[in-house]
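The compositional bias 'Basic residues' annotation in TrEMBL covers 845-856. The feature domain 'Cadherin' is assigned by TrEMBL to 33-142, 143-252, 253-358, 365-469, 470-572, 573-675. Residues or ranges marked as region 'Disordered' in TrEMBL: 828-861. Summarising the annotation, TrEMBL assigns signal peptide to 1-23. Residues or ranges marked as transmembrane segment by TrEMBL: 791-815.
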Amino acid sequence: MDLRDFYLLAALIACLRLDSAVAQELIYTIREELPENVPIGNIPKDLNISHINAATGTSASLVYRLVSKAGDAPLVKVSSNTGEIFTTSNRIDREKLCAGASYAEENECFFELEVVILPNDFFRLIKIKIIVKDTNDNAPMFPSPVINISIPENTLINSRFPIPSATDPDTGFNGVQHYELLNGQSVFGLDIVETPEGEKWPQLIVQQNLDREQKDTYVMKIKVEDGGTPQKSSTAILQVTVSDVNDNRPVFKESQVEVHIPENAPVGTSVIQLHATDADIGSNAEIRYIFGAQVAPATKRFFALNNTTGLITVQRSLDREETAIHKVTVLASDGSSTPARATVTINVTDVNDNPPNIDLRYIISPINGTVYLSEKDPINTKIALITVSDKDTDVNGKVICFIEREVPFHLKAVYDNQYLLETSSLLDYEGTKEFSFKIVASDSGKPSLNQTALVRVKLEDENDNPPIFSQPVIELSVSENNRRGLYLTTISATDEDSGKNADIVYQLGPNASFFDLDRKTGVLTASRVFDREEQERFIFTVTARDNGTPPLQSQAAVIVTVLDENDNSPKFTHNHFQFFVSENLPKYSTVGVITVTDADAGENKAVTLSILNDNENFVLDPYSGVIKSNVSFDREQQSSYTFDVKAVDGGQPPRSSTAKVTINVMDVNDNSPVVIYPPSNTSFKLVPLSAIPGSVVAEVFAGLFRIDPVTGNITLEEKPTPNDVGLHRLVVNISDLGYPKSLHTLVLVFLYVNDTAGNASYIYDLIRRTMETPLDRNIGDSSQPYQNEDYLTIMIAIVAGAMVVIVVIFVTVLVRCRHASRFKAAQRSKQGAEWMSPNQENKQNKKKKRKKRKSPKSSLLNFVTIEESKPDDAVHEPINGTISLPAELEEQSIGRFDWGTAPPTTFKPNSPDLAKHYKSASPQSAFHLKPDTPVSVKKHHVIQELPLDNTFVGGCDTLSKLSSTSSDHFSASECSSQGGFKTKGPLHTRQVNEHFYWSISTAYKCPINQY
């Protein structure tokens, strides 16, 4: 709390102690520019006025009323009920309220008002003084936005010039606090002087020498700031004008001036306008012009000088021959002691009245006025020295020397008025033999005057041109098989020289042994017979040489193209083409490609192929040579096809040739094994009880019996006992070694173990009954029902069986007679057969799980030798039933062929195997049985993937290189000549060279009651 506030508080306390009827005073302090309804004070609270009537003790209702003049806009308002003082909508502006008065920090700005308290019983007069504190709501401002100050240019450094101060309605720290000079350019500075009253006066300080002639005005900014928060500022433009002082003398723009004027210039002609400048202004810059004391009197007679303008004019006629140069000194003064000086040199120019002169002196002596040159003379050969002159001077005496027209000569300047006449390019006698031209000398006067001199030059010929061919490349064409000495063309060249320099001889270059050339005439002829097939094009050079000294020559290239004639027949790459295909190759498949060439060209080379004698079994593409089949192959019907192919070219007349083509059909395993013996599926063979182990009982074994997997011989494994007496059924699976898949056939073999076979009908009846028993069951399991049948039924069965046996034997004999030759012809290697034996321990379980299948009425063959069967053979009759091999039999195998361990065949690892281009789509084999032969499997359905370039040709030597393309990997083949291919390893044969594996699938015993 400062001292002033302490005094105010003491006064307030003193007022409160006065009697209530006496006037009281309150003092409040506020900030200017407060908004409306801001509370300032509370009269009853601040004066501690009680609303209780002391006399009566009752509460009184006091009314507070502001005393104001009529028409005044109150700055505050008083609540009539509470006595609270508030600001109104009339803003309190300290600068407006205390306008015109200068208030320092300790001088206050305030206003007073009176408030009365009613009613009369409680009347009081309250004087209220409201002190208004300053707010920084005004920026300091200069008296003018532009402040002009004039300073003489000879002002000393650090001289000070006052600047009008800025004013700020605010007071205290909110008033002017700081000045700043902006863009003083280092010429001026700013200093602040503070008065005892606290005012701040800015002063401008000169920091560098001023020169009005260099810069007469400086424009800057001065900035003033107050100390309020937020800080406010303003700027004004400070323009300083530098006033002039006569400190500069006049200066000529040029102190040395040279002018030219013709000697015939008339009087009054202006010679030159002199101009001097003074950096000062006003009277300090007024200049006068006068001649200097050094000017000769004669010169003053010829020229006049204007004292004010400085213009020099001609006042008397000039004569260049009398005086060619006049020098004049002119002074320029502004009243000071040191005038400016300029020297004017006046050159009187000549008038062109004299023509130039030419002095021609020859370096090469002329003959009768003509200079002789050789065309081989080099460039810049000197001919003459020329000197030109002119009596006039300056422009009129300046001479230009040149040659009148375009010639291979030029003038080379050696001095200002001397020139050398030289050759400018190589001379060519053949182009121009003689030159005649003028040398012109011309001055630069107006009008120009000139002089000429005539020069004649003749050339002498030199051998400088070689012979030139009309064509640098000569192209000819000639048909082959020509006659010797045939005229081809005439080669010619020209020479632009003359005399002996133009005589030409011709000569052939290397690689021209097939041609002759006449040295004088250039006639080119053929010295040999051309063969296009040996050489189609000849390229050589021809040289043309003149008889000059030294001789010159040039060359031309000659290209002779030999045209084709149809003198070559088409040539096959082989006289005999051999292709190998599989017999299951589909119709319209690619068989091979015929390759043929023709040494001719163009249409003579275009070859068309055709088949001569094939009966439309094959189709040949006439252009590509691709052979496609038009027949389905069957090696068993036809193992090879042979026909001739003809090739005809397109020449006129056409030429042709033929070649032989052989298509070899390779075997595919498409025939199942055929059982030759036993002859019937219902036959049997007696095995006596006295038979010893190892003896052959039949040719096709299990349990008691054993079968040879190669020969098919069935032998006793052990000696039979009485418990073995009865009918035994053997199921034999016969498989070949075919590729890509083996085929097989099932056959039933019945062996009757007994000392005798007296009742054959009964045995056949048993065989018939066993056909009803599934293959996975023992035929003995179903024998008991047979023994309980009626005897009549047995007898009927015996009779019927006997009849069946007779019929079967008859048919078998008939079939064997008709096909004996075919059976003996089967020689093919087949994949091994598999023999399977069921699990005897599980046969009782299998019997319960499987239903009995109805067996076919017909029987299988008994003992049969194997041959291949043809599916389309009409002799083989269809079977009446089907025997299904049990799953156990398929799972167990004896002697199955292992392809991974098979011995190497005729195929090389990298040989082009046609069989690789086929895919088998044949179904799994089914076990169909016929009365006399096993069922054959249909041929494989294949998809051919043979590329066009897979072609195999030639004889045995070719086959040995290309390897076999047979689809039968186990066929034994041998070539009669060297090379060829053979199977490796032993071949197992039986009757015919067929490969089979035998195995017993079942061996079931059927007990028989003895009668």
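We number each residue from 1, going along the chain as drawn.
Keep in mind that glycine also has a Cβ here, set from the backbone N, Cα and C atoms.
Curation plays no part in TrEMBL annotations; they are all automatic predictions.
Taking H, G and I as helix, E and B as strand and the rest as coil, DSSP gives the domain 'Cadherin' (143-252) the counts 3 helix, 55 strand, 52 coil. Across the residues of the domain 'Cadherin' (573-675), the predicted structure has a mean pLDDT of 90.
The residues of the domain 'Cadherin' (470-572), classed with DSSP into helix (H, G, I), strand (E, B) and coil, number 4 helix, 48 strand, 51 coil. DSSP labels the residues of the domain 'Cadherin' (33-142) in these numbers: 12 helix, 39 strand, 59 coil.
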